[in-house]
C-alpha cells in the first residue's frame, strides 16, 4: 500500500494534481491510488492490530509492541527530514538547526505530529510540504488505543456491537456529506486529528478488526467480489462531479468492497504472504521516506515523468529496506532468550 501512495504522490508532486492518476480516473476523481492505499492500509491494520491484542500476554505487552512498532521509525524519519533534508534544501541552510528546532521536533515526534517545518526547502516544487504523508500516523496510533478500549470492554468478541459502531460511523459520514458539513478544528483536532477524516478511516479499521475475529464466517466468492467492485466503480462514476453528496454511495460501499477484495486476495492460494515478508517489512519505512524522496528528486533532477516515477519508487523501496534493517527490526523482532546459567551442584548433588 505504501507504493500505491507513493505512486499517487508522484502525480501531485510532479504535476501539481492527481486528477490524471489512473485510479482517480477510474473512480471519477472521488479517490486516487493514494487515498485507496491509505484506507486499505487501515483495513489491514485493523485485522493485524486485533490479532495483536488477542495474542498479547497483557495490556502492557500490547502497548509495548505497538509503541516499538510505530515510534522508532517515525522518530528517525522526522529527524532526517528536520535536520538533514530541510537544511540541505532551504535557503537558510544549516542555520535552521537550532535548540528551538530540536525541541519542536521532539514534541512533534512524541505526539506523532505529521508536520515537518520546511521553510522554503521546496519552494520551487508544485507542492511545498516536506513530508505530507505523515498525517496518517497519528490516526493509526489512536486506532491502537481504540482496540485496547474495545478489548478491555470485552467488545472485540461481540460482533454486533462493533458492527453497530461501524454502521453508525458510516451513517454519520453520509449525513455529514448530504448536509455538506466537514466538522473539525479546536482542541479535538489538535489531539485526535481532523474529526471528518475519522469518518473515512474508522470504518476501514473497524471492518478489518471484524475480519480478524469473524472472517471465517464470510463466504469466499469470486462472483461476490466482482459484484462489489463493479458496484463500487459504478457508484464512483455516478457520483463524479456532484460534490460531497455525490460520494455518499461510494463511501458506504468502499469499506466493504475493499475489505472483501483485500482478504479474498490475501487468502488466495496463489498468494503466499509469509514468503512475501520473510526478508522484512519494508512498507512502513517506504511510506515514511517516500514523500521527501519525491520532493528531493523533483527539486534536484529534471527527469521526465516516467523516469521520475521509477526513480521515486525504487529509492523509496531502498529507504524502506534501510529503515527496516537499521532501525525498525531491532525493536519489533523478538530477542532470543538469554541462556540460563547452569545451577551449581551443592554437596555433590546435581540440581533436579
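Note: Cβ is positioned from N, Cα and C throughout, glycine not excepted.
Transmembrane segment is the annotation TrEMBL gives to one range among 303-327, 328-352, and that range is 303-327.
Check TrEMBL against the ranges 70-90, 91-111 and you find transmembrane segment recorded for 70-90.
Checking the ranges 112-131, 192-211 against TrEMBL, the transmembrane segment annotation falls on 192-211. Which of 163-180, 271-288 counts as transmembrane segment depends on TrEMBL, and there it is 163-180. Within its own chain, the transmembrane segment (303-327) has Cβ neighbours under 8 Å at 2-3, 6-7, 10, 14-15, 72-73, 76-77, 280-290, 293-294, 297, counting only residues six or more beyond its boundaries.
Counting Cβ pairs under 8 Å to the transmembrane segment (192-211), the top-ranked stretch among 30-50, 70-90, 139-156, 223-242 is 30-50.
When the stretches 30-50, 70-90, 139-156, 163-180 are ranked by Cβ pairs under 8 Å to the transmembrane segment (223-242), first place goes to 30-50. Most Cβ pairs within less than 8 Å of the transmembrane segment (139-156), among stretches 30-50, 70-90, 248-267, belong to 30-50. Sequence-distant contacts of the transmembrane segment (30-50) (same chain, at least 6 residues past either end, Cβ-Cβ under 8 Å): 1-5, 7-9, 11-12, 18, 21-24, 66, 136, 139-140, 143-144, 147, 156, 200-201, 204-213, 215, 236, 239-240, 246-247, 250, 254-255, 258-259, 262-263.
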